[in-house]
Amino acid sequence: MSESASKTPGSYSRVMLKISGEALMGDQGYGLHPPTVARIAQEVKSVHDMGIEICMVIGGGNIFRGLQGSAQGMERATADYMGMLATVMNALAMQAALEALKIHTRVISAIRMDEVAEPYIRRRAVRHLEKKRVCIFAAGTGNPYFTTDTAATLRANEMNCEAIFKGTKVDGVYDKDPNKFPDAKRYDDVTYDEVLQKHLGVMDASAIALARDNDLPIIVFSLDEPGGFRGILAGSGTYTRVHG
């Protein structure tokens, strides 16, 4: 077992926060909802104020989802590249919200676009974290056919994060959709293999396998719960821990 796998959330010092693009659109159904972006930025600030180093990956599904484009006849690689560009837009929006709160932030893109984001250079990104800057990794892995969940797991490993925090609309991993089934059971702990075998939908299989192979815990929690992110890192809160 790796050192990070044996730690509890209350002892983490560097984490990856993964959120979906849909989390930024509020109730409007599409695009960016500035008050929602600002609320999430405030949650990130509350953790940053604890001295914890923060990486972020944000999906792009509120603007464009590559798989949907592919299903409608678009070439998959082209659709995925469009989805990557959507993640850059979301990253810039989050950067603006964080810097409005006086949090130094860097957007780091896997696809070069030097006028708006830094290129991904691992050692430079680590140095940003050491200087307590929030690093938002955009454009996925830079390659089609990989999800932003896989990108978050990859970057979390490269940055030596102690866990991935997957912010969702529910407070953990359930055996079935709790919004549809009142008798749904929430797991406090679940293994990577159980997630894969039971199709629990935490992340895609590639991301789960990459986390499993590197003993990287995944903490699934509700991003809609005020103070939830900070609470878990302070040693309390409701969540599911995915581990080996």
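Cβ from N, Cα, C; glycine included.
According to Swiss-Prot, the protein has these features:
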type	residues	note
BINDING	LYS18, ILE19, SER20, GLY21, GLY61, ARG65, THR168, TYR174, ASP177	ATP binding site
BINDING	GLY60, ASP80, THR141, GLY142, ASN143, PRO144, TYR145, PHE146, THR147, THR148	UMP binding site
REGION	26-31	region 'Involved in allosteric activation by GTP'
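Sequence features, as recorded in Swiss-Prot, placed on the structure.
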residue	record	Cβ neighbours (10 Å)
LYS18	ATP binding site	27
SER20	ATP binding site	20
GLY60	UMP binding site	27
GLY61	ATP binding site	21
THR141	UMP binding site	20
ASN143	UMP binding site	15
TYR145	UMP binding site	12
THR147	UMP binding site	20
THR168	ATP binding site	19
ASP177	ATP binding site	10
What binding-site residues among GLY60, THR141, ASN143, TYR145, THR147 are found with a C-alpha within 10 angstroms of that of SER20 (ATP binding site)?
GLY60
With TYR145 (UMP binding site) as the reference Cα, tell me which of the binding-site residues LYS18, GLY61, THR168, ASP177 is the closest one.
GLY61
Distance [Cα-Cα, Å, rounded] between ASP177 (ATP binding site) and ASN143 (UMP binding site):
31
What does the structure give for the C-alpha distance between GLY60 (UMP binding site) and THR168 (ATP binding site)? Integer Å is fine.
15
Counting distance between Cα atoms, which of the binding-site residues THR141, ASN143, THR147 is nearest GLY61 (ATP binding site)?
THR147
Let me know the DSSP-derived helix, strand or coil state of GLY60 (UMP binding site), please.
coil
Under the DSSP assignment, what numbers of helix, strand and coil residues are found in the region 'Involved in allosteric activation by GTP' (26-31)?
0 helix, 0 strand, 6 coil
Taking Cα atoms as reference points, which of the binding-site residues THR141, ASN143, THR147 is nearest to THR168 (ATP binding site)?
THR147
Return only the integer: C-alpha distance in Å from ASN143 (UMP binding site) to LYS18 (ATP binding site).
18
